[in-house]
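Heads up: the structure comes next, in structure tokens.
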Amino acid sequence: MKSAKAKTVRKPVIKKGSQTNLKDPVGVYCRVRPLSFPDQECCVEVINSTTLQLHTPEGYRLNRNGDYKETQYSFKRVFGTHTTQKELFDVVANPLVDDLIHGKNGLLFTYGVTGSGKTYTMTGSPGSGGLLPRCLNMIFNSIGSFQAKRYVFKSNDRNSMEIQCEVDALLERQKREALPIPKTPSSKRQADPEFADMINVQEFCKAEEVDEDSVYGVFVSYIEIYNNYIYDLLEEVQFDPIKPKLPQSKTLREDKNHNMYVAGCTEVEVKSTEEAFEVFWRGQKKRRIANTHLNRESSRSHSVFSIKLVQAPLDADGDNVLQEKEQITISQLSLVDLAGSERTNRTKAEGNRLREAGNINQSLMTLRTCMEVLRENQTYGTNKMVPYRDSKLTHLFKNYFDGEGKVRMIVCVNPKAEDYEESLQVMRFAEVTQEVEVARPVDKVICGLTPGRRYRNLPRGGPVGDEPLVPEVILQSFPPLPPCKLLDINDEETLPKLADTLEKRHHLRQLMTEDLNKKCLAFKALLKEFDNSLSNKENYVQEKLNEREKVISGQKLEIERLEKKNKTLEYKIEILEKTTTIYEEDKRNLQQELESQNQKLQRQFSDKRRLEARLQGMVTETSMKWQKECERRVAATQLEMQNKLWVKDEKLKQLKAIVTEPKPEKPERPSRERDREKIIPRSVSPSPLPLSSNNIAQISNGQQLMSQPQLHRRSNSCSSISVASCISEWEQKLSPFSTPVNVTSLARHRQQEPGQSKTCIVSDRRRGMCWTEGREMVPTFSSEIGVEEDHCRRNTPIPVRHRRSRSAGSRWVDHKPASNVQTETVMQPHVPHAITVSVANEKALAKCEKYMLTHQELASDGEIQTKVIKGDVYKTRGGGQSVQFTDIETLKQELPTGSRKRRSSTLAPAQPDGTESEWTDVETRCSVAVEMRAGSQLGPGYQHHAQPKRKKP
């Protein structure tokens with residue numbers, strides 16, 4: 001009869017104790033691979049069981065002092081070249097499997113350069129199984145008799161497990177297998193001969209203190225991270241020979257407990273080591289490997305084999321699984337085989353191999369960055385964000401580094417000299433990883449049911465054996481009683497035999513009683529001795545306890561003293577922090593004030609330099625102006641005197657000819673050798689002054705009349721016309737216009753119309769006219785042909801065949817003198833591909849087609865005026881370079897501080913006093929406008945829209 005079913009005890013609330021605050025560092029182990037050839041150079045040396053030395057091989061660059069560098073690195077354990085897989089498993093993986101069975105997570109990954117033995121360490125080889133098959137063997141050896149039936153535990157898509165009853169599990173088995181209920185096999189399943197040698201069943205390994213009142217289920221999954229994409233290696237995809245499908249990548253998600261998992265990953269329930277390793281081997285065949293220059297079978301992806309152990313307690317009767325989802329404990333052990341870091345200059349990778357190597361190195365670099373940030377946060381107390389999401393590898397195992405299990409790393413090292421630089425980087429990463437601490441996982445919660453429920457229904461006393469009990473042995477030692485039937489009165493044998501037997505039995509009883517008394521006395525003596533020793537121990541313990549209490553009281557006093565001292569120091573620190581804050585604020589204020597003073601000094605210095613440049617420019621401009629004015633006046637005076645002398649000479653010659661010769665003859669051409677030899681400097685125009693309207697009219701009429709007569713070039717064969725007649729003729733033509741022109745009005749006219757004034761001066765000079773002191777226009781008798789000859793003689797000869805192509809790109813010579821001042825204008829000249837020089841030279845001109853000179857002078861308003869003089873560079877006949885100036889650009893900066901009042905036009909007609917002026921009338925002045933029609937092809941026009949206002953009678 002079964003006992004009544006007891007109530008299930010609820011899961012107690014876990015109080016955060018001191019255990020949750022404990023942290024363990026990441027366990028880093030090192031394994032050295034044997035050399036492929038005995039005569040290879042080695043750069044790694046094992047010092048002891050925890051120290052490894054790395055020295056620079058021959059042929060590498062020496063240190064500054066000429067010695068080879070030797071560096072030692074410490075690990076939790078160093079495994080030499082002769083270490084077996086069993087020794088490595090017992091030290092590294094055995095504790096992780098034991099924690100897995102007790103409900104704790106674990107992470108084990110191998111790290112190293114390519115060809116260092118990571119895959120061998122994790123998987124193994126025929127006859128020498130690696131860590132993975134040994135972990136599976138230990139798990140099934142520990143929970144083999146406590147496993148639940150298949151499909152009792154069922155996984156869902158949310159990284160959790162569900163419990164099914166026996167009936168649902170049976171239906172699920174029949175549905176999936178489509179077979180009747182299978183019988184328990186009489187013998188174990190035979191392993192695949194391809195990997196049978198890797199599973200060594202002779203080496204029995206089992207975890208201790210396995211919970212016998214729980215049932216277990218094992219689920220395995222196998223994924224790979226290839227080019228930062230996650231692929232399921234256990235996914236069954238139907239092969240289509242016509243249109244094969246590429247494997248679909250999986251995504252990472254977060255469950256309700258903030259644990260990361262691969263969504264849609266296949267989880268296979270296994271019941272034995274052979275079955276689990278067969279699933280692993282099926283996925284291993286799909287893993288991406290390739291042949292490289294350094295490794296014949298190089299892993300091109302990171303592989304993750306996860307073992308998920310699900311355990312649930314039995315009910316109060318010990319017959320079935322407890323149907324409560326909250327009581328399920330899920331623990332996971334992830335075995336990660338990282339792809340090796342490699343250098344492309346050694347592997348000679350190209351194409352896809354190069355892309356794979358880049359992604360592998362990038363993910364490993366992200367792992368290293370995460371470790372460095374974790375170490376920095378734990379060492380300095382910072383709160384920097386750990387970049388887990390930069391790589392799928394680190395994002396998947398984020399929970400392990402945040403305190404969800406133990407983390408172990410095996411650093412595989414190849415001791416050959418060619419891998420020295422890569423091994424050095426691996427050692428540095430291992431050094432950083434050892435300093436990272438991970439929170440210790442919490443122990444599994446006890447369900448609260450009575451232990452030993454599994455064996456409660458078995459017969460009391462356990463199984464009966466063949467050995468007799470102690471009371472039966474004692475009874476069998478007595479002699480048996482003889483038969484007591486008396487068949488005859490004279491029977492004398494039965495009674496004596498019975499008496500003899502009873503005497504023997506009585507003797508044995510006395511012996512046993514004596515023995516019992518002796519044993520009782522001995523037991524009493526032992527009990528007294530035990531009591532005495534116990535009292536002595538109690539006294540000793542009491543003495544020790546008193547001593548400890550005294551020590552504790554002393555330590556409490558010391559703690560109180562230290563706490564008071566700590567409070568005092570904290571108060572001092574707080575005061576110092578406040579003082580430091582005040583000093584820092586004063587320092588910032590002083591720095592800001594210093595910066596403002598520096599800026600002010602810089603502005604004053606720049607203003608001073610600008611003022612000096614302005615004054616220097618004004619002085620230079622004034623001196624040049626007066627120098628040019630003096631030269632102009634001297635040249636004008638010389639020219640006037642020469643003209644007067646020439647006129648007098650001509651008159652004297654004519655008079656002499658008239659007096660000496662009776663007949664009029666052809667006058668000889670005067671000698672011009674003196675005038676040709678003497679070069680008359682070009683006079684500078686006088687300062688511009690406005691002209692009055694009357695003077696402008698006179699000058700314009702005079703220019704029209706002056707332009708009418710055309711002087712022809714004289715030759716020796718011309719008619720005999722006297723010079724005096726020519727002079728008189730010109731004087732008669734100029735007599736109506738000989739009114740002197742006001743200098744002030746002429747200057748004003750030139751200021752208003754500088755372009756016209758320049759044109760007049762040039763045209764007058766070409767016609768042979770010059771301005772005298774009386775501002776009279778005197779014609780000279782230089783011919784047009786002479787002017788052309790003089791012009792051709794003064795210009796630089798330029799060959800026509802050296803004309804530059806207009807389609808070719810031009811290059812400039814940017815001539816900026818060293819005395820120029822840097823302006824702060826927004827608009828700055830920008831010439832690409834220009835050669836900037838401070839002094840023009842032939843080398844720079846030979847390379848360019850354009851020339852520009854930046855000239856600065858002081859304007860009338862006191863500001864700096866920058867002129868950019870542009871020109872074309874040509875080759876001369878002599879092999880040199882010449883510049884023909886073509887354009888001038890003026891850059892000027894002014895302040896908009898002028899008067900808002902419009903200045904009246906100087907061309908407004910003067911009105912007599914007392915009359916109203918139409919020029920000042922608003923209606924009259926606004927009746928004229930410049931207008932341009934929308935859509936018109938013509939330019940702006942001068943339009944008149946309104947009638948001027950009538951005058952009052």
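The first residue you see is number 1, and the count goes up from there.
Quick reminder: no glycine exception, Cβ is built from N, Cα and C everywhere.
Swiss-Prot lists G112, V113, T114, G115, S116, G117, K118, T119 with the feature ATP binding site, giving sequence analysis as the kind of evidence. Contacts of K118 (ATP binding site) defined by a Cβ separation under 8 A and a same-chain sequence distance of 6+ are given as T110, Y111, G112, S299, D337, L338, G340, I410, C412, in order along the sequence.
The Cβ of S155 (phosphoserine) lies under 8 Å from the Cβ of M161, E162, F219, E267, each of these being in the same chain and 6 or more residues away along the sequence. Under the heading phosphoserine, Swiss-Prot lists S155 (among others), citing similarity to another entry as support.
On its own chain, S160 (phosphoserine) has D255, K325, I328, I330 as residues at least 6 apart in sequence with a Cβ closer than 8 Å to its own Cβ. DSSP assigns S160 (phosphoserine) to coil in the three-state reduction, placing it in neither a helix nor a strand. Marked as phosphoserine by Swiss-Prot: S160 (among others).
Shown in sequence order, the list is empty: the chain has no residue 6+ apart in sequence with a C-beta less than 8 angstroms from the C-beta of K572 (SUMO2 cross-link). Per Swiss-Prot, the feature SUMO2 cross-link maps to K572 (among others); the stated evidence is similarity to another entry.
In the three-state DSSP scheme, K587 (SUMO2 cross-link) falls into the helix class. Residues or ranges marked as SUMO2 cross-link in Swiss-Prot: K587 (among others).
Per Swiss-Prot, the feature phosphoserine maps to S606 (among others); the stated evidence is similarity to another entry. Residue environment of S606 (phosphoserine) contains 13 other Cβ atoms, counted within 10 Å of its Cβ in all protein chains.
According to DSSP, K625 (SUMO2 cross-link) sits within a helical segment. Feature annotation from Swiss-Prot assigns SUMO2 cross-link to K625 (among others).
If you look up Swiss-Prot, you'll see K648 (among others) marked as SUMO2 cross-link, on the strength of similarity to another entry. Sequence-distant contacts (6 or more apart, same chain, Cβ under 8 Å) of K648 (SUMO2 cross-link) do not exist in this structure.
Summarising the annotation, Swiss-Prot assigns compositional bias 'Basic and acidic residues' to 662-680.
Taken from Swiss-Prot, the feature SUMO2 cross-link applies to K663 (among others).
Taken from Swiss-Prot, the feature SUMO2 cross-link covers K666 (among others), and the record attributes it to similarity to another entry.
Annotated phosphoserine per Swiss-Prot: S683 (among others), in sequence order, evidence recorded as a large-scale study or a structure entry.
Annotation comment: Swiss-Prot describes S685 (among others) as phosphoserine.
Sequence annotations record features per position, and here Swiss-Prot assigns phosphothreonine to T739 (among others).
Annotation comment: Swiss-Prot describes S807 (among others) as phosphoserine.
K816 (SUMO2 cross-link): 16 other CB atoms within 10 A of its CB, across all protein chains. The SUMO2 cross-link annotation in Swiss-Prot covers K816 (among others).
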Distance between K867 (SUMO2 cross-link) and K892 (SUMO2 cross-link) at the Cα atoms, whole Å?
8
Within 10 Å of each Cβ, count the other Cβ atoms and name the one among the binding-site residues G112, G117 with the highest count.
G112
Return the residues near S860 (phosphoserine) by Cβ distance under 8 Å, restricted to its own chain and a separation of at least 6 in sequence.
none
If you measure G117 (ATP binding site) to K587 (SUMO2 cross-link) at Cα, how many Å is it?
59
Compare the Cα of K847 (SUMO2 cross-link) against each of the binding-site residues T114, G115, S116, T119 and report the nearest.
T114
Between T119 (ATP binding site) and K892 (SUMO2 cross-link), the C-alpha gap once rounded to whole angstrom:
77
Argmin Cα dist to S606 (phosphoserine) over the binding-site residues V113, T114, G115, S116 returns V113
Within 10 angstroms of the C-beta of K867 (SUMO2 cross-link), what count of other C-beta atoms is obtained when all protein chains are considered?
14
Same chain, |i - j| six or more, Cβ under 8 Å of V113 (ATP binding site); the result in sequence order is G340, S341, E342, N414, D419, E422, S423, V426
Please identify which of K587, K847, K870 has the densest Cβ environment, defined as other Cβ atoms within 10 Å, among these recorded sites.
K870
